[in-house]
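Peer 1: My questions will all concern the structure given below.
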């Protein structure tokens, strides 16, 4: 398929300031060529990240994250003011002169969700032993998405494979453990049953990472998608999935289940990957996962095994200390990987144990990034302080895109 490639390599120093080379790269023009893969054949992001000199973490901190941080490590981190790790998680730019965290700006304050649709959905979810990423990740849009309006239905986002993740990303409040409980074999059916009872026409199925499973949970996700389609064929399914550690077979398994949208988040710019995400995640690995999903979908359509080309989607958080040039590069990299839709939102610290906010981005700047995304050729760019990867404003637009693709059979 035709994708966009930059005239340059994908190498940045980790945790370093933006170099002159990086600035030049953001301004390079892009050429269109036909490719199969736009990245190296190796699936490990460590090769990309270690070939060049980087700012090394302290030995103590490297040891602490060797197997991914646990909840207890986060607690110790927040209570140890003398540790070098504490300095790593905060900086003078993330606090005011009094030493307190940045004050939440007015544009990020939302009403506390309660009663009505929120209470009803919570009760139904608990009765079926299901979990939502809205609750686990403390999303600020839970009330808006779960409450139906005059002209819109509530949008549901279900988190499957349990509520405990094997990874410990330092922005996420989902529980972590190297040995989470086994998968519930009845979950795909229970999930489909719950969704069939809701007045929704767009459902997001997301999950925790399950590195303890051979396929990363891909077959479980695929089974869930198929069960939903059996019970409610008209519904549009978006799957927001892990990177499966770069395993192409797992990606293919999910794509073959025919979700309309295949989403995977790169989360942040390249230089902050090791700061923000678990060490098993990686910038190139995430980009390659998205590209692989689109390529597989393209082959299924070409062979007549699928009726439409999957929409691919990713998300970026701002306010973690990223540079503007780096955000521009990340958006260009997503486009060249064939990503159709992107969401850009403000990072908000979920608890004191997690990464502090370096900057609250003004809404005008999010408008700027929305224009940049549209100029780069994304089918849809949702950009705003409260926008999250499953924000419903984008979902209705994506639904329109999918309907068009199905009608045209492309």
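Cβ coordinates are placed from backbone N, Cα and C, and glycine is handled just like the others.
Below are the features I grabbed from Swiss-Prot:
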type    : residues           : note
BINDING : 134, 139, 145, 390 : [4Fe-4S] cluster 1 binding site
BINDING : 165, 169, 172      : [4Fe-4S] cluster 2 binding site
DOMAIN  : 148-379            : domain 'Radical SAM core'
Peer 1: Around residue 172 ([4Fe-4S] cluster 2 binding site), how many other C-beta atoms are within 10 angstroms of its C-beta?
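Peer 2: Its Cβ has 22 other Cβ atoms within 10 Å.
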Peer 1: Mind looking up the mean pLDDT for the domain 'Radical SAM core' (148-379) in the predicted model?
Peer 2: 92
Peer 1: Including all protein chains displayed, how many Cβ atoms other than that of residue 165 ([4Fe-4S] cluster 2 binding site) lie within 10 Å of its Cβ?
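Peer 2: The answer is 24 other Cβ atoms.
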Peer 1: Quick one: what's DSSP say for residue 169 ([4Fe-4S] cluster 2 binding site), helix, strand or coil?
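Peer 2: Its secondary structure by DSSP: coil.
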Peer 1: Once the chains shown are all counted, how many other Cβ atoms turn up within 10 Å of the Cβ of residue 390 ([4Fe-4S] cluster 1 binding site)?
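Peer 2: There are 27 of them.
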Peer 1: For the recorded [4Fe-4S] cluster 2 site formed by 165, 169, 172, name the remaining residues of the chain with Cβ within 8 Å of the site's Cβ center, in chain order.
Peer 2: 167, 168, 171, 173, 174, 176, 208, 209, 278
Peer 1: Return only the integer: C-alpha distance in Å from residue 390 ([4Fe-4S] cluster 1 binding site) to residue 165 ([4Fe-4S] cluster 2 binding site).
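Peer 2: Between the alpha carbons of residue 390 ([4Fe-4S] cluster 1 binding site) and residue 165 ([4Fe-4S] cluster 2 binding site) there are 19 Å.
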